[in-house]
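> Take a look at this one; I'll ask things after.
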Amino acid sequence: MSLDIVILAAGQGTRMRSALPKVLHPVAGNSMLGHVIHSARQLSPNGIHVVIGHGADAVREQLAADDLNFVMQDKQLGTGHAVAQALPALTAETVLILYGDVPLIEVETLTRLLKLVNPQQLGLLTVTLDDPTGYGRIVRDQQNRVCAIVEHKDANDVQKAITEGNTGILAVPAKRLADWLGRLSNNNAQGEYYLTDVIAMAVNDGLIVATEQPYGAMEVQGANDRKQLSELERHYQLREARRLMAGGVTLRDPARFDVRGEVSVGRDVLIDINVILEGKVVIEDNVVIGPNCVIKDSTLRKGVIVKANSHIEGAILGEGSDAGPFARLRPGSVLGAKAHVGNFVELKNANLGEGAKVGHLTYLGDAEVGARTNIGAGTITCNYDGANKHKTTLGTDVFIGSNNSLVAPVDIFDGATTAAGSTITQNVPTEQLGVARARQRNIEGWKRPVKIRKD
């Protein structure tokens, strides 16, 4: 079965009280529309057609991709009118209609819905709610067959008592859709062309309206204001927390843990409170992450320990290595197996060999550090001359004394040592001691200044 997907994303979202288009408001680090597009892609459709209107330029700019066809709805005249704008681009046998502000819809739910569709049957996703206020009501006949959907504003008291609501998510035979959309009327309380009226037309044309339900109501919850947006955020985070715990991860407090990207986590991993995982993060078995850490676009190999208050971005931490507390690893940083980065250490585009140690209060930028090398406290690489970046290379078994400035480009070869307080501007040969500091003088008879009294 070939498939086209239409995503309705033209709404203004006035209740958000924001200049940002509603569908671009983020849930878990990705826009609501971005979540929907991600789910749509997993269905392998012929095309994904995004109907845009308010803030169209911003939507295009943020989400532009080769597999997306943006369709403009100049006037917002209802959901039926919105789908009609995409009709000329539809070529598949089945059309699935989704909504850009319903970000938590599961691929499994959509797959079940699509299985209902055939030339004589369409699929409708409904949800049963204790309070369906605001939802269109699913009207069924005496044989429990769907015969119509009545919007909440147009419903009478009997219809408002119905607890089965319309989610708006619909899968239909494409050959029928153009005819039904062409017959829509705006004779209703809103003066709009409702997509829901397609259901009654399908029934009148002899088609069966088969229904499917999501695993939970939050899966089809939209966000019209900031409160609803926060509810979606919290539901998503708890869902991700449960998924990780089911896979063998210990979370000290699932309510104080955030995922904002694609995360792969191994078994026997311990994650403390207030940890944020952003972007693409891979965490292997037996990793420990302390409290208040941010891990972004990074890989943590087996047995890594990240201590409290560390920020790691674009880095690879080798097996058995550790970082923190208060460590910052910037993009391009690599820790070899069993390497150690201590408190208040910043790395940027630095590669530490196996067993290398950078204990504290250090900055290494654009540096290559060999195995088992030890770098003393207060050391910095002077890698930028105001115009260009330069590299510092330290061999294996090097010992850098405390409070060193390594002025790049410079090489310190295997087994070399630098004295504390040195400013190293020249290469240090293998197993030699580099000393670059002024000789100390002790001045006899020196008097400490005294404070001048002011009368």
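Heads up, the Cβ atoms here are built off N, Cα and C, so glycines get one too.
Pulled these features from Swiss-Prot for this protein:
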- 1-226: region 'Pyrophosphorylase' (REGION)
- 8-11, Lys22, Gln73, 78-79, 99-101, Gly136, Glu151, Asn166, Asn224, Arg330, Lys348, Tyr363, Asn374: UDP-N-acetyl-alpha-D-glucosamine binding site (BINDING)
- Asp101, Asn224: Mg(2+) binding site (BINDING)
- 227-247: region 'Linker' (REGION)
- 248-455: region 'N-acetyltransferase' (REGION)
- His360: active site, proton acceptor (ACT_SITE)
- Ala377, Asn383, Tyr384, Ser402, Ala420, Arg437: acetyl-CoA binding site (BINDING)
> In Å, rounded, how far does the Cα of Glu151 (UDP-N-acetyl-alpha-D-glucosamine binding site) sit from the Cα of Asn224 (Mg(2+) binding site)?
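Rounded to a whole number, the Cα-Cα distance is 17 Å.
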> Where does the mean pLDDT land for the region 'Linker' (227-247)?
97
> For the binding-site residues Asn224, Asn374, Asn383, which Cβ has the most other Cβ atoms within 10 Å, all shown protein chains included?
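Within the set of binding-site residues, the most crowded position is Asn383.
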> State the Cα to Cα distance, in Å, between Gly78 (UDP-N-acetyl-alpha-D-glucosamine binding site) and Asp101 (Mg(2+) binding site), rounded to an integer.
15
> Between the recorded positions Asn224, His360, Asn383, Tyr384, Ser402, which lies closest to Gly100 (UDP-N-acetyl-alpha-D-glucosamine binding site), Cα to Cα?
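Comparing Cα positions, the candidate nearest Gly100 (UDP-N-acetyl-alpha-D-glucosamine binding site) turns out to be Asn224.
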> Mind checking which of Asp101, Glu151 has the fewest other CB atoms within 10 A of its CB? They're the binding-site residues.
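Checked Asp101, Glu151; of these binding-site residues, fewest Cβ neighbours within 10 Å: Glu151.
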> Among Ala377, Asn383, Tyr384, Ser402, Ala420, Arg437, listed as contacts of acetyl-CoA, what is the widest Cα spread in Å, to the nearest whole number?
22
> Including all protein chains displayed, how many Cβ atoms other than that of Tyr384 (acetyl-CoA binding site) lie within 10 Å of its Cβ?
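The answer is 12 other Cβ atoms.
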> Cβ neighbours within 10 Å, counted over all protein chains: which one of the recorded positions Gly11, Gly100, His360, Ala420 has the most?
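Answer returned by the neighbour count: Gly100.
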> Going by C-alpha distance, which of the binding-site residues Asp101, Asn224, Arg330, Asn374 is nearest to Tyr384 (acetyl-CoA binding site)?
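Checking each of Asp101, Asn224, Arg330, Asn374 against Tyr384 (acetyl-CoA binding site), the shortest Cα distance is to Arg330.
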